[in-house]
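As annotated by TrEMBL, region 'Disordered' applies to 34-59, 379-409. The feature transmembrane segment is assigned by TrEMBL to 65-87, 107-125, 132-153, 231-256, 290-309, 321-344, 350-368.
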Amino acid sequence: MFGKKTAQRRIFLSASPLQRLELELDPERSFAMDSAVSDPHNGSAEAGGPTNGTTRPPSTPEGIALAYGSLLLMALLPIFFGALRSVRCARGKNASDMPETITSRDAARFPIIASCTLLGLYLFFKIFSQEYINLLLSMYFFVLGILALSHTISPLMNKFFPANFPNRQYQLLFTQGSGENKEEIINYEFDTKDLVCLGLSSIVGVWYLLRKHWIANNLFGLAFSLNGVELLHLNNVSTGCILLGGLFIYDIFWVFGTNVMVTVAKSFEAPIKLVFPQDLLEKGLEADNFAMLGLGDIVIPGIFIALLLRFDISLKKNTHTYFYTSFAAYIFGLGLTIFIMHIFKHAQPALLYLVPACIGFPVLVALAKGEVTEMFSYEESNPKDPAAVTETREGTEATTSKGLEKKEK
């Protein structure tokens, strides 16, 4: 049975391989330096630039600093708040509202699935018209973005509804079969407040669909990122290391080894990146010379950082040492990425710097504190596993029984 969060999560997860295209630091489009930097693959002007042979004036140092600082801040927000929300999500009592747990097997297969998806999109763009493909993708992400943004703003919007707000419960149910063989496909529960959030999110969706404005793109991108960090849970630190390590190799191979990533990123129009104009100070909201960061470079390290926050809480020491360490490591890694790009005038795969930092810093802290064993033995059971749910329920009942016996004595 799927609850409200489950339905939203499944829709979000269905887009994960596409989101992992990540802007992936296409040397033309991701973390673009300025229009003076040409494409190292074909020598053409930077994507998004004029097509009549003219070039934009170089971005000012202030504009570049503002763009990169804003991207860094936007990357940190979904990681920080998504990690906090992941704790509440993990504590949910209803099994249907539990997060999606990534096992070591899932982590090992993910780079392979992402590579197949990327190569498939590359072939699609080579064979079929780019215009029609992007039209289908725009409609797909229009629906996906509205649901993700609605889920993101719902807790905040609930604080603004008055106490006497007429809130009614609704249920959207799809079943298959009949009688004893009836199986629920979708069981989507929502209320009037959710409909209001859905309406507000739809306004942003229409804005994005009609204008493709960078602010609307960022609202969807932030919503995707926060949902990913909140709803995707690693079952242990080892799984996180496998996932980050696999995507570390994936990033390097597809960015430096082939032009597949470049071709797809240039052709792919979807809110799977955060962007900020480097010429905002000169052109205002109509600026069009963007620095970019892929959602995969936020979500992938973000779910590992969120896992370390939940590990901190499991230690019951009232400290969040590993969370803050990994959070600082992410800032260091992303800052180093920007610095390297600025020095060498060439885009870099961010995971090349983020993965060693996000894994290395917490492990060093664990070594210093003598908690390496505790870190790697920490395990989060899959809440969708009936055995895990039964075990948890039995443990809770046993604890309750012991408490009652003590009171009787």
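Any Cβ shown, glycine's included, is placed from N, Cα and C.
All TrEMBL annotations are machine predictions without curation.
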The transmembrane segment (231-256) vs the transmembrane segment (321-344): 3 or more CB pairs under 8 Å: no
Residue numbers, six or more beyond the limits of the transmembrane segment (107-125), whose CB comes under 8 Å of its CB atoms: 17-18, 20-21, 133, 234, 239-240, 242-243, 246-247, 249-250, 254, 260-261, 263-264, 267-268
Surrounding residues of the transmembrane segment (290-309) on its own chain - C-beta under 8 Å, 6+ positions past either end: 19-25, 29-33, 48, 64, 67-68, 71, 74-75, 78-79, 82-84, 86-87, 102, 214, 221, 224-225, 228-230, 232-234, 236-237, 240, 243-244, 247, 272-278, 320, 322-323, 325-327, 330, 333-334, 350-351, 354-355, 358-359, 362, 380
Non-local residues, at least 6 beyond the ends, that sit with Cβ under 8 Å of the transmembrane segment (321-344): 31, 33, 64, 68, 72, 75-76, 79-80, 83, 297, 301, 304-305, 308-309, 311-312, 350, 352-358, 360-362, 365-366, 369, 375
For the transmembrane segment (132-153), distant same-chain residues with Cβ under 8 A (at least six beyond the ends): 5, 8, 11-12, 15, 18, 124-125, 194, 197-198, 200-202, 204-205, 208-209, 219-220, 222-224, 226-227, 267-272
